[in-house]
């Protein structure tokens with residue numbers, strides 16, 4: 001009974017659910033004894049040993065499941081840690097790779113600078129100790145690869161150390177001379193004369209003093225004996241010698257050109273005295289026999305045609321080939337050296353000056369000062385550049401050029417490097433062959449095509465067609481006049497990207513409001529502090545231009561509006577500003593031309609065409625060649641020149657006026673050439689005509705567009721003409737050849753009108769157009 005009750009009591013004391021049966025156990029046993037054996041068997045079955053084992057197994061299984069889940073979570077975290085470590089290692093490898101590339105590019109840039117400096121000036125560029133980039137060995141490599149990389153690092157250190165030794169001893173130039181001599185000797189193309197010259201060169205380089213030669217020989221012998229075993233395994237001496245002579249071998253220059261340039265460089269750096277060959281020289285040269293193997297390797301790496309080039313060069317070196325007095329050549333060399341020393345501080349002419357010179361050269365039949373052909377020093381086309389040609393090239397560099405203000409904005413930006421490195425188009429000038437004149441004309445016209453104007457800014461703030469525009473003379477600022485009764489000022493440096501196009505949008509920084517009708521014309525003063533506008537209300541409003549950096553949301557400034565110039569009774573069609581006299585010209589639909597002072601708001605000083613003999617003026621401009629004259633076009637097809645001082649009409653330009661067709665002879669715009677006495681007119685019949693202001697004769701007439709020509713503008717240098725038309729196109733013309741060099745569509749049509757005005761910036765690389773589609777576009 002006790003043995004059977006023991007497990008039950010133990011179970012009831014330990015099991016949490018048996019607390020209620022702890023005191024009922026004896027009563028149950030008594031009841032079981034009184035009721036029968038069946039009740040006692042049921043009580044014993046509830047606390048049996050299999051039940052305990054089942055409970056333990058259940059708890060153990062639950063513990064194992066939780067442990068498995070913990071291990072899974074730990075494995076996931078370890079995998080995440082490994083992934084992050086791998087990502088970090090990848091970033092470090094990427095950083096190392098980028099650092100290596102940066103070092104490589106820096107080294108390549110230094111080599112490129114040295115190359116261009118050598119080609120341009122003929123001397124080496126001092127950039128300090130220009131060593132190839134050294135990279136640290138990767139830490140993650142296997143142990144088998146580390147000894148090899150360490151040995152390579154030791155090789156590099158050995159090369160650098162030996163290079164320093166050679167520089168200290170002074171063997172740099174010697175190795176160059178001996179190397180070139182060995183190559184010619186191996187190829188079998190050296191003649192007696194060249195051998196003697198080479199021996200003299202080697203004597204002058206090696207035999208500075210007898211003590212130096214002996215000391216050099218002793219140092220060379222000791223180095224060779226100590227490093228014989230190293231030379232058997234490593235051939236870094238070959239690479240070191242190649243680095244001295246072929247630093248730019250990686251570039252697109254063959255060995256022949258490189259050797260010629262190196263030879264000339266050595267000649268310029270060290271004048272070679274006339275010394276004879278002696279025993280010390282031969283002994284010193286014997287120490288460089290180990291370079292024969294390196295020369296054979298270099299010979300294999302050169303192209304197959306180098307042997308012929310060496311032969312040609314050696315033949316060129318012989319004076320018998322040229323029948324030239326050696327004294328004359330020596331004298332020319334000395335003269336060239338003096339000129340080069342005196343011209344080191346002289347800056348090469350820029351692109352605009354070269355263009356001025358080319359424009360002047362086109363009108364000259366012969367150029368006696370340039371009889372020999374001039375080759376560009378930046379792009380050598382032959383294996384040898386004669387000393388005479390080099391001196392002539394320096395004479396061309398010393399020529400004076402006429403001043404130019406801003407012609408560089410016509411040409412492309414990619415010529416900036418070319419203008420700094422060479423003579424540009426002057427490299428192809430030859431006056432010996434007269435048949436080259438046509439090719440020169442074609443090349444000069446081709447240069448004008450290099451600059452392609454592309455749309456840059458789109459000005460979208462006006463609500464109606466834009467009638468006129470004017471650039472600030474200095475700043476990148478534009479003022480537009482529109483039919484929506486307003487003028488707007490734009491700062492082209494304050495841009496914002498457009499939503500659906502590659503061009504940039506510019507918001508106006510100021511809006512001028514005073515006109516009671518459409519604004520038809522606008523002009524700025526020479527200093528950019530005032531602007532004047534005319535409209536259909538017959539008023540000429542005078543404005544003070546605001547600061548280009550003004551906040552568009554600043555409070556209203558009443559001082560901007562200076563006041564109206566009263567006098568016209570109908571629409572003002574055109575304005576022109578005279579910087580020389582500070583006067584303003586205006587033409588109006590009332591048939592008069594008026595001259596105003598700009599220093600104050602006052603009535604007109606002079607009135608022209610009171611009787612309307614020539615018709616109603618449509619356009620007016622100042623004659624640039626004579627500031628006291630003005631030119632105006634009229635509705636009847638006449639163009640006349642007036643003297644503003646005497647108030648008299650002095651000349652009426654030639655015109656074929658047909659009274660029956662008044663619309664076809666209408667002149668929409670007249671402008672004056674900025675440097676020549678020429679007037680240019682734009683006609684309703686699609687023509688552009690050129691007139692001589694002195695004689696009034698028609699110089700040239702051409703059909704320029706498919707529809708009426710509405711606007712004209714000439715660049716500040718007077719080389720290019722820009723025209724706008726109602727056919728939606730803007731065309732750029734070469735004024736010398738009267739040919740179109742570029743055409744682009746700028747605006748859309750509205751009420752059969754398209755482009756109202758075009759303009760060049762006086763000092764910056766901008767052109768602008770105003771259209772009937774309420775847009776103004778700026779091109780660069």
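Cβ atoms are placed via backbone N, Cα and C, with glycine included.
Listed in Swiss-Prot:
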- 53-120: coiled coil (COILED)
- 299-315: compositional bias 'Basic and acidic residues' (COMPBIAS)
- 338-351: compositional bias 'Basic residues' (COMPBIAS)
- 137: phosphoserine (MOD_RES)
- 225: phosphothreonine (MOD_RES)
- 227: phosphoserine (MOD_RES)
- 229: phosphoserine (MOD_RES)
- 245: phosphoserine (MOD_RES)
- 259: phosphoserine (MOD_RES)
- 55-63: region 'Caveolin-binding' (REGION)
- 124-145: region 'Disordered' (REGION)
- 149-166: region 'Calmodulin-binding' (REGION)
- 290-321: region 'Disordered' (REGION)
- 334-353: region 'Disordered' (REGION)
- 363-388: region 'Disordered' (REGION)
- 461-500: repeat 'WD 1' (REPEAT)
- 514-553: repeat 'WD 2' (REPEAT)
- 567-606: repeat 'WD 3' (REPEAT)
- 662-701: repeat 'WD 4' (REPEAT)
- 704-743: repeat 'WD 5' (REPEAT)
- 750-780: repeat 'WD 6' (REPEAT)
*Interface-richest range of 461-500, 567-606, 662-701, 704-743 toward the repeat 'WD 6' (750-780), CB pairs under 8 Å*: 461-500
*What mean pLDDT does the predicted model reach across the region 'Calmodulin-binding' (149-166)?*
80
*Taking helix as H, G and I and strand as E and B in DSSP, count the residues of the region 'Caveolin-binding' (55-63) in helix, strand and coil.*
9 helix, 0 strand, 0 coil
_With Cβ-Cβ distances below 8 Å as the criterion, list the same-chain residues six or more beyond the ends of the repeat 'WD 1' (461-500) that contact it, or say none._
506-513, 515-524, 526-528, 531, 533, 535, 543, 545-546, 548-549, 750, 753, 756-757, 759-764, 766, 768-776, 778
*Composition by DSSP (helix, strand, coil) of residues within the repeat 'WD 3' (567-606)*: 0 helix, 19 strand, 21 coil
*On the DSSP side of things, how many residues of the repeat 'WD 2' (514-553) fall into helix, strand and coil, could you say?*
0 helix, 17 strand, 23 coil
*Could you break down the residues of the region 'Calmodulin-binding' (149-166) into DSSP helix, strand and coil, giving a count for each?*
18 helix, 0 strand, 0 coil
